[in-house]
Amino acid sequence: MARKQSDEDTVEAIEDSHLLLNQTSNKTSEHLKIPSTSFKPSPIDKYTPALKTLIPIRPFEKSDHEHPCDTAGLFSTATFSWMTVLVWNAFKKPPSVDDLWKLSQYDQAEPNYDRFSRLWDDEIQKHGRKGASVWRVVLRFIKTRLIMSTLCILLYAFAVFSTSSFIMHLLLSYVSQRNSTLSYGIILVSILFCVEVLRSSITTLLYAINYRSAIRTRSAMVLFMFKKVLKLSSANTAVSVGELVNLCSNDGDRIFEANRMGNLILVGPMLFVAGTIYSTVLLGPIGLFGALIFLATILLQGVLVKAMNKLREKAIVLTELRVKNISEILTFIKLIKMYCWEESFAKRVINLRQKELRLLKMMAFLQSMNVSLAFFTPVLASVVMFSAYIVLGYNLTAQNAFTCIAVFNMMSFGLKVMPLGIRSLADVTVAMGRFRKIMLMDDMESYVQQGTKDKSNAVEISGATFSWQTPREIDDLPNSNGSTRKPSETEDLIQDDRSQNLPLVLKHIDLTIPKGSLVGVCGHVGAGKSSLISALIGQLHLVEGSVALDGALAYATQQAWLMNATIRENVVFGLQHDEKKYQDAIAASGLLDDLDIFPSGDLTEVGDRGINLSGGQKQRISLARALYSDRDIYLLDDPLSAVDVHVGKHIFNEAILSQLKKNGKTVLLVTHQLQYLPKCDQVVLMEHGKIKEIKSFEALFQDNTDLASLGISSLGEEDKLVKEDPSVKSTSTKSAVDSEKELLEQGRLMTKEERGGVIPASVYFAYIKAGSGFFAAFLVLLFFAFNVGVQQFTNLWLSLWLNLGSVHAKHLAEVGNFTALALVDTSGNFSQNVSTDTTISPNMTQTTVPSIIDPTDITSHPQFKFYLLVYFSSAVFMLLVSVLRGFSFMTLAFTAMKNLHNNMFTRILNAPMEFFDTTPSGRIINRFQKDMDEADAPLPIIWEMFFFNFMTLIFATGLIAYVFPKFLIVVVVICPILVIACIMFKPAAREMKRLDNMTRSPWFAHITTTISGLDTIRAYQSSSRFVDEFIKQLDKNAIPCYLFACINRWLAVRLDLLMILTCVFATLFVIIYRDIVSPASAGLALSSAFLMSGMLQFTIRLLNEGEARFVSIDRIKYYIDNVIQEKSDCDAKATEDWPKKGVVEFRNVCMRYREGLPLALNNISFKLNPSEKIGVVGRTGSGKSSLAVTLFRLVEVAEGNILIDDLDIGTISLKSLRSKLAIIPQDPVLFTGTVRYNLDPFDHYKEEELWKVLEQTHLKASIQKLPEQLDSALSENGSNLSVGERQLMCLARALLRQSKILVLDEATAAVDGETEKIVQETIQASFVDCTLITIAHRLASVMTCDRIMVLSEGRLVEFDSPQTLLNNQSSVFARMMAATH
């Protein structure tokens, strides 16, 4: 173990000793690998890369494999000069990600993840699961860099202390001693310059180390989270999409900030100890008064931080819940619009946002008070300490007073930095707890054994019982009140016993499937058919028994999962493209005709969740993926449910029989289309999670009457296959001259994300207007001015007060009283060298004082109490103004964020479906996640500190100019240089921040896609490919994220050098004019100059960072201004009782989904009579679902009119229309929440009504078995229910609505024949007075309808009663029926 630890330390030394992270040689690169036990590098070898940094200038050889920061020399590293090229290029032209350097090989996610993972495994081994600490692992991960940065902090603290104490006191002593030479003063200025340059260089080195630590730790931990989620059991319910996005985005940023700023909390204590000792040396024990005030402030800051930490924990929960709700809304936006639930869901999200902002505002106000304390404490400490010093009879000199003020300003800088460090550590503590929770979750059990006992079998399941959760996961499930149930000690002791009480989904399964056989699986809804597939994939928890497979799996899910990629990429799914195999898969899946319709054939882009495809098209692409994969075992979970009979017949014969079974593939087919069972070698009949029978279809039919209940009463005739052209058609009828690139561009669905540029003034104005208006903003600025003005006034007042004792002239009288000339030049220049015969200038005043008074003692002034009272009152006034300023500013900021969030959310919610079809959900979520987090958390604090510092600089400049008017010349010279540096800097910072935000969108979209398709990804063993894509997106985002931080330091170091020169000039004025400037005036000027030295660069950097982060506001405003809205010029409302009859009429309706696309409905005309029951049939993609889309005005008609009860629906508001209609969608939609919430999201119905509709849909018994019945929790998209049960839940929801017009869009596609028959009877009985439009692939589902509508290629080809159509043997419907028998 010791040897292992030694090796690990060696690796870390090699990785981390790269102090400024410059590694060049291949040899060093090899050292990044885990060393063997015989590898013993010498100390020189370990630190060679770091030592190379000490070379002043190192030439940079341009290479694709090297980052300039890896080869920068000492000068370049200490000034971030290697960034100058990027800053200049960004100034000339906004860069793209491709224009940036590739991420350094040492900062990439994968090698850092490997090391972090090893450290975590070691932590688990040493301390066990309960004792494992993420903090310890992170500290070990950055150990060497942390040590080096701490050394930098020590040197930095020493430099800052030296300037504010020793050098300041020496300068003031120099002014007080008139016999000092000018050369001595120049030496002091030179020392000041050298120490300040040292301070600036040390600061730059500190951040150079911290930035690299930050990006590495963030990448390692975020990648660890993603890989962990891919290995979790029941991962789709353990970690939601919103939670994982929040972990990767917000919590990842918290890790970055903690590494960047966390160790700065050491600055405060260091400066506090040094300042306390020095002030005590200067003023004696009374110096401890000021130290005690600083100590009290530090303790108060600790209390505030603790309160902020608690608020942060609560706010994160609400943020996750809000983002999760928005993600769910985006996923199911189509149903929400059809049910007219926008306002209700908006209210829910806005309420969550309001609660979240309440906590964030409180937290921001506490942070504001923390910042105010840093500015207020030195003033209060000075007032209390000097007042006590004077009252106790001590004489306060200018040297001691202004040296103490400079020391207190130095100590206050520690207080200013500490809140940033403490805040970052408090935030990351919450994040670490959330990371730890997931890191300790159980990995998915790999219970599926590779290789069967009998090699002739492909599948062997023996005595297997399964549940969805492990006992540990049961303990961690949330209660109905949202809290997490913690196991008791007794439960921990009897964990094995709890396995007996797990909710079992499959019980005592024994199944053997020979290789090359076709096995059908059937059963009622909820019988366990899909669970059997999940068990074979390894998605369940194996309670007992064994599962063995011999061969690779292919999987087609019941609800097809597709990526946002081209159709070809979805089919090939990462494998090598084989044209013949690809064409065979496409043809067998019945996709050839569909590809001819698409604008770019198989290069057409598939939208998020396949939103631009019909259900049948999605299902067949999923099937084509399975066929193309060429695996040994095929698990097909009801792939024929979403296709029409004709296509279903084609798929079964061409894909399942010809391409799979004929080639010796093993197929397990779950289906409700029981007409295909006779072709199966065996049929598995399931019931209540058990296998009831396994026999051939003929034997099962003769022995078991249950088949009749599933929809088969006779074997029927032999299937008659509709003959297809055996020749393989091309997947595209496009012209041969069309290049693939042109087709890709033509088939692009998703719009490109807007780039933006310079942030216009209108964005700032919009923010102010959203806050409370310009007048409120003006008042807030006045509060800032008052706050800072009072602070600087105390220094001015002290200077005037001290001058009263230092400007008395020699005695002019020898007896009783004397007249002294207190020569005070009201211009601000104070003279001490005044002889008895001095002529008093017009700017000087003559004061008579008693001769018994010491003329250098300020306590002897007759107005001493007045000066003391004003000095003390100013501190109290400053405290009151600080509280008022902090509260008003944060109120304005969070009012703005509330309005901007709600406006953006409302605009998106009211956008047409075209917007959601062409905009990736990850891009939208990014607006509500990253952009909103930027605006909520750092932005208000950054702007508050900017305004505070900006006002302080103005007043400080004014005080120096008050003493030395010629200092304004220096200001005039320096300002243009500052402006030029800022102008150069702004484009680079802004664009890096914009690229940082933009590169998160595909990253978030990838997370969403991966989580929703975990079952498929695991079945195809493609996890590594999705991890690789995640790493690619993570590293892509890390580039601008890291460069944005570096650009800020690039500006900071240059501004710092300018301010050092400014400080030097102010000091030179003191040296040059020492004979005519009093020590008090010199102290006032020097303390102001020293204050400006570090503050100006920080202030300008805050300004530029604030503008860069304002990109988030710009992006939010873009959506508010530019997201198109649904047609809103028809605001007329229908009468309350409309529609009375339910007459629906289409008049020459033409509809296309978007401009440039072919018509989805072409000149459709028909009229439905009151309460008529209509069936709509046709081939997949014929326009059946488009009818419903048009009826609900999800897409406006291109031509024609739609009337309901003779009222044109285009003339009434969308709310009036959609609230009167009801639909059961093709894809069943359930929300995260309880059963009650899914039936009645907004509590409109009584509990008796809920149970009634559950009984009508035959779900009552299933719901009653749940632990909390109606209040039982459903997971995301109801994934803990079967698809059939989900469809029945949607039916129950529609029954509650009791609309006059109901659309059933494949509502019973996933239920068995028996359940479908009962459901149809329920619908007929419950909606006897309703107009019913049933869209179906199962022709039996529409045989009871009054009339049947047959669609083909968007046209109405037949519309008559079922009997009439059947009697006409040449009708399309008659031929479709013939194909089913």
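Here, residue 1 is simply the first one shown, and the rest follow in order.
Glycine residues also receive a Cβ, built from the backbone N, Cα and C atoms like all the rest.
Note that TrEMBL annotation is computational and uncurated.
What TrEMBL records for 146-172, 184-209, 264-281, 287-305, 371-392, 398-415, 774-794, 866-894, 941-961, 967-985, 1057-1074 is transmembrane segment. Here TrEMBL flags 147-427, 778-1108 as domain 'ABC transmembrane type-1'. Positions annotated as region 'Disordered' by TrEMBL: 471-494. Positions annotated as domain 'ABC transporter' by TrEMBL: 488-713, 1144-1378.
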Task: Stretch-level contact, the transmembrane segment (146-172) and the transmembrane segment (264-281), CB cutoff 8 A, at least 3 pairs - done: yes
- [ ] Please check if the transmembrane segment (1057-1074) comes into contact with the transmembrane segment (866-894), where contact means 3 or more CB pairs closer than 8 Å and the residues in each pair are separated by 6 or more positions.
- [x] no
TODO: Report, as numbers and ranges, every residue of the chain located at least six residues beyond the transmembrane segment (371-392) whose Cβ falls under 8 Å of a Cβ in that stretch; write 'none' if there are none.
DONE: 279, 283, 286-287, 289-291, 293-294, 297, 300-301, 401, 404-405, 408-409, 411-413, 415-416, 418-419, 787-788, 791, 794, 798, 858-859, 864, 868, 871-872, 874-875, 878-879, 882-883, 885-886, 941, 944-945, 948, 952
Open item on the list: Below 8 angstroms Cβ to Cβ, which residues of this chain, lying six or more residues outside the transmembrane segment (967-985), approach it?
Closed with: 87-88, 91, 957, 960-961, 1047, 1050-1051, 1054-1055, 1058, 1061-1062, 1065-1066, 1069, 1085, 1096, 1100, 1103-1104
TODO: Looking only at the domain 'ABC transporter' (488-713), report the model's average pLDDT.
DONE: 82
